[in-house]
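Structure first, then comments.
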Amino acid sequence: MSLFDYTIKELEEKLHNKEITVEDLVKESYQRIHEVDQEVHAFLTLDEEKALEKARELDQLEDKTGILFGMPGGIKDNIVTKGLRTTCASQFLDNFNDPLYDATVVQKLQKENMVAVGKLNMDEFAMGSSNENSGYEPTRNPWNTEHVPGGSSGGSAAAVAAGEVLFTLGSDTGGSIRQPAAFCGVVGMKPTYGRVSRFGLVAFASSLDQIGPVTRTVEDNARVLEVIAGHDQMDTTSANVEVPSYTEALKQDVKGLKIAVPKEYLAEGVSKEVKDAILEALKVYESMGATWEEVSLPHSKYALATYYLLSSSEASANLARFDGVRYGVRSENADNMIDMFKKSRSEGFGEEVKRRIMLGTFALSSGYYDAYYKKAQKVRTLIKNDFDKILEEYDVIVGPTTPTPAFKVGEKTSDPLTMYANDILTIPVNLAGVPGISIPCGFSTEGLPIGLQIIGNYFDESTVYRTAYAYEQATEHHKKRPQLGGAK
């Protein structure tokens, strides 16, 4: 049995009782990475020497305090880490080896004495749904390496599923934590927009991006969010709202809980296996005293188009800073300064990033702004209003995280629109700004995980966690492990 089959709380007790050391945990993490990551490709950069040095320092401390004391974790490679290479999985930043500061979430993790083992693979600049847009080797799904892990936080989900680390951080702009969590059979939370500081997150779409945790269990997830959540003066979009004890919320049952199930989330396009898994999950909730009713989110059918217009427009502006002057790739074939800007960006960015920059620039251009960008903002408000109305009457919204289980590597790369449709059930949550979590709720006939998505009201992650935990404890799905490289 791997040490990483225990929860963070259980490992904390083992450390306290001196059954294990922090060095044991960190060594196990790297041993597992060296054993299986040549198949999974979850990590882009490792920090083994410094991590082991920190582990030994922590073992020497008499006061072993910290909510995540000694726990090995991984950081998505678009979250800045001081002195540790940060590439956003882009060749443009391949030589960005020494960032000058830590993101706020990294500072908070360090304050609780976690150990960062390395930086995780992703779709380039977080633009993608399969991790096939990585500027390096694409991450593979630990349950079947012929399948994708999801994206853009594919490395974050795959590393946890493969037992390489106890927890990871990802970012979620349109489903980039929840979708890979569903594909990899782990727990992934996108908090309320503003709940977690974005300072130090390389921006994709600033009005949609949110950092969140990926773990094997709901309890571990709640524990990590308690650490990283909270107001930050360095982020003007950070909400000054009190952070409750999410782990305390897990102790409450779901008797009397009112669940809304949008008919649009079980409509055509959602596979029968996924529908059946969701309906079975609803039966579990009924057995625990919760009730559910079918509802409608009528504007969700416009969410995909709205999202890609808005997110690409914001990306067009945010990625303008990557010009080859201060850091990153600089073309050696330029005739002048303007030519250098153009060629550096053309040579440094991958195809999907360039596609979205062009789409966003078009939507913001003179003559098209009102027809596209402004109209998309109005539709976003309608989508938000749909959620507000439902969440006034119900405690949570429940449905599938993805329309299907993980698809095969290369299956959808030739058709961007088909690829984009994978996020159709997660995107509305980002547009509304509400919290959402994905937890395992079954497996396909091919043995691939299926995810249950639970959506809550603004800053009410506690109810989302309570709902997720009740289901998790009533089922066994989260206890299954992929058979990878002689897996645990």
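Any Cβ shown, glycine's included, is placed from N, Cα and C.
If you check Swiss-Prot, you get these features:
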{"type": "ACT_SITE", "residues": "Lys76", "note": "active site, charge relay system"}
{"type": "ACT_SITE", "residues": "Ser152", "note": "active site, charge relay system"}
{"type": "ACT_SITE", "residues": "Ser176", "note": "active site, acyl-ester intermediate"}
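Annotated features taken from Swiss-Prot, shown on the structure.
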| residue | record | DSSP (3 states) |
| --- | --- | --- |
| Lys76 | active site, charge relay system | strand |
| Ser152 | active site, charge relay system | coil |
| Ser176 | active site, acyl-ester intermediate | coil |
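Taking the Cα atom of each, Ser152 (active site, charge relay system) and Lys76 (active site, charge relay system) are about 10 angstrom apart. A gap of 11 Å separates the Cα atoms of the residue listed as 'active site, acyl-ester intermediate' and Lys76 (active site, charge relay system). Around Lys76 (active site, charge relay system), the same-chain residues six or more apart in sequence whose CB sits under 8 Å from its CB are Lys119, Leu120, Met122, Ser153, Gly155, Ser156, Thr168, Leu169, Gly170, Ser171, listed in sequence order. Here the Cβ of Ser176 (active site, acyl-ester intermediate) has 36 other Cβ atoms within 10 Å, regardless of which shown protein chain they belong to.
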